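The following features are taken from TrEMBL:
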DOMAIN    8-130  domain 'MsrB'
BINDING   Cys47, Cys50, Cys96, Cys99  Zn(2+) binding site
ACT_SITE  Cys119  active site, nucleophile
Amino acid sequence: MGKVNKTDREWQRELSPEEYRITRKKGTEPAFTGQYWNNKQHGTYICRCCGAELFSSETKYDSGCGWPSFYRPIDSVAIEEHEDLSHGMVRTEIVCHDCDAHLGHVFEDGPQPTGLRYCVNSASLQLKTEEKNDEETYP
Ligand SMILES: [Zn+2]
């Protein structure tokens, strides 16, 4: 369960400028533009930065907000929550437990059984589909 500790420079080298801006600088992609907001493929969404398993497509639902939305993470320890007081709002930021990548925010307007909406940037995620076995070996 070691934390991933990389320098800004290393992250910049490994990520696209957009992924870097969002995951390491707490950016947000515009709604309805990301790779996965409307994606219905089955699989596991892993952290774009470190490959940790974060969400299953089985808990993904269409929230209408324009970002991939899930009502539950794969594992409660996979994600950390922080109070976010930026932009004059009180929100709960979610980050990857293993590498502190900014993922998005969690809101309390989701569907049952949790009533939660994990609203995540596509740029913070990578979908590992069940059909393709060659992606199983990700790092
Ligand atoms: Zn991560």
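Positions of Cβ are set from backbone N, Cα and C atoms, glycine also.
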Additional residues around Zn(2+), ordered along the sequence, whose Cβ is within 8 Å of the centroid of Cys47, Cys50, Cys96, Cys99: Val4, Arg48, Cys49, Gly51, Ala52, His97, Asp98, Asp100, Ala101
Rounded Cα separation (Å) that holds between Cys99 (Zn(2+) binding site) and Cys119 (active site, nucleophile): 18
Cβ-Cβ distance under 8 Å to Cys119 (active site, nucleophile), same chain, at least six residues away: Ser63, Cys65, Trp67, Pro68, Ser69, Gly104, His105, Val106, Phe107
Set of same-chain residues at least 6 away whose C-beta sits under 8 angstroms from Cys50 (Zn(2+) binding site): Val4, Cys96, Asp98, Cys99, Ala101
Recorded positions close to ligand 1 - of Cys96, Cys99, Cys119, only those whose C-beta is under 6 Å away: Cys96, Cys99
The one of Cys47, Cys96, Cys99 whose CB sees the fewest other CB atoms within 10 Å, among these binding-site residues: Cys99
DSSP-derived structure type at Cys50 (Zn(2+) binding site), helix or strand or else coil: coil
